[in-house]
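Some features that TrEMBL has for this protein:
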- Gly69, Gly70, Arg91, Asn191: substrate binding site (BINDING)
- 29-271: domain 'Aspartate/glutamate/uridylate kinase' (DOMAIN)
- Lys34: site 'Transition state stabilizer' (SITE)
- Lys252: site 'Transition state stabilizer' (SITE)
Amino acid sequence: MSTTRKHTALPKAQILIEALPWLTRHNGKTVVIKFGGNAMVDEELKAAFAQDVVFLRHAGLDVVVVHGGGPQISAALDRHGIVSEFKAGLRVTTEDAMDVVRMVLAGQVQRELVGLLNQHGPLAVGLTGEDAHTITATKHQPEIDGERVDIGRVGEITDIDTGAIEALLADGRIPVVSSIARSEDDGHVYNVNADTAAAALAAALGAETLMVLTDVEGLYEDWPNSDEVISRLTASQLEKLLPELSSGMVPKMEGCLHAVRNGVNTARVIDGRVQHSILLEIFTDEGIGTMVVPDAVTEGDAG
Ligand SMILES: Nc1ncnc2c1ncn2[C@@H]1O[C@H](COP(=O)(O)OP(=O)(O)O)[C@@H](O)[C@H]1O
Ligand SMILES: CC(=O)N[C@@H](CCC(=O)OP(=O)(O)O)C(=O)O
């Protein structure tokens with residue numbers, strides 16, 4: 001009986017031991033994980049996301065979660081009868097809309113993720129960029145067709161203070177950050193795209209990895225005509241591609257470029273609809289999605 005039991009358990013031991021080189025490589029490193037609103041499609045996926053994050057924490061990584069909530073904000077604005085539109089990939093955010101954005105991100109989405117993570121122990125602490133000056137911004141005025149456009153209370157990040165996040169990490173916690181910034185100019189707050197916030201935090205923290213979970217397999221080479229995913233590209237290759245990208249991919253890939261140009265070893269866009277995509281990406285050979293690496297890195301250095 002006991003011999004059979006040992007035998008049947010062997011594949012499990014093999015799976016665990018397969019992760020050893022990755023555990024060694026990532027131990028003590030910081031990973032920033034951005035969980036996009038579009039990837040939060042069902043309860044099971046959200047619970048699996050929380051399990052993966054807690055697993056990484058227990059595997060010795062410092063994990064910071066930055067979350068989005070675009071679809072959830074749009075639904076709440078609808079309910080409040082506030083019309084919203086996107087310009088240059090960013091939500092035009094009036095003062096009234098800003099109240100709703102803050103309520104949904106900090107009061108709803110962040111609370112839900114913190115709750116899911118804390119089912120596994122006293123780990124997650126939620127904050128927004130307002131807390132302890134974590135994210136400071138000034139008014140962002142994107143250029144559209146050569147002209148500066150006013151899109152309301154949308155912020156451009158001017159400063160990151162990693163103090164609060166680092167203190168939480170040192171205390172063994174998992175910071176869960178909502179992409180709202182304090183204003184450098186007035187007493188109000190700004191709406192910041194969550195990909196941009198995650199990338200800025202990853203760079204400021206000197207993270208090893210930025211991982212962006214979304215609702216597609218990665219960066220498609222010729223979207224929407226084909227579903228061929230670009231599995232790996234350098235910062236320079238990505239820079240050339242940027243002008244051709246559209247909609248939600250723009251802040252994501254700009255964020256990945258910013259991260260790898262500012263000390264982050266790899267920035268990855270992966271499919272958040274795949275259960276346990278984070279573990280697949282970090283601990284196995286079967287890396288999924290798109291990986292961006294700095295220019296100097298040659299094949300085999302990152303991963
Ligand atoms: N080249 C591309 N490859 C993949 N997706 C793309 C591309 N260009 C645009 N997209 C769009 O970007 C979307 C992801 O961005 P977004 O909707 O902002 O997601 P999230 O809520 O995860 O931030 C995809 O669902 C797809 O519609
Ligand atoms: C300025 C701006 O566009 N902010 C975003 C913030 C949330 C976000 O980025 O959510 P996803 O990651 O789910 O897209 C918004 O209002 O939708």
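Heads up, the Cβ atoms here are built off N, Cα and C, so glycines get one too.
Values in this document were obtained by computation on a predicted structure and should not be read as measured data.
On the structure: features taken from TrEMBL.
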residue : record                             : Cβ within 10 Å
Lys34   : site 'Transition state stabilizer' : 29
Gly69   : substrate binding site             : 26
Gly70   : substrate binding site             : 18
Arg91   : substrate binding site             : 22
Asn191  : substrate binding site             : 26
Lys252  : site 'Transition state stabilizer' : 27
Relative to ligand 1, which of the recorded positions Lys34, Gly69, Gly70, Arg91, Asn191 have a Cβ found under 6 Å from one of its atoms?
Gly70
Of Lys34, Gly70, Lys252, recorded positions neighbouring ligand 2, Cβ under 6 A:
Gly70
How far is it from Asn191 (substrate binding site) to Lys252 (site 'Transition state stabilizer'), counting Cα to Cα, in Å?
16
Roughly how many Å separate the Cα of Arg91 (substrate binding site) from that of Lys34 (site 'Transition state stabilizer'), to the nearest whole number?
18
State the mean pLDDT for the domain 'Aspartate/glutamate/uridylate kinase' (29-271).
96
Neighbours of Gly69, Gly70, Arg91, Asn191 excl. site residues, C-beta within 8 Å of centre, substrate:
Gly37, Gly68, Ile73, Ser74, Thr93, Val101, Val104, Leu105, Ser179, Asn193, Ala194
Taking Cα atoms as reference points, rank the recorded positions Lys34, Gly69, Gly70 by distance from Lys252 (site 'Transition state stabilizer') and give the first.
Lys34
Please report the three-state DSSP label of Lys252 (site 'Transition state stabilizer').
helix
Where Gly69 (substrate binding site) and Lys34 (site 'Transition state stabilizer') are concerned, what is their Cα separation in Å, rounded?
11
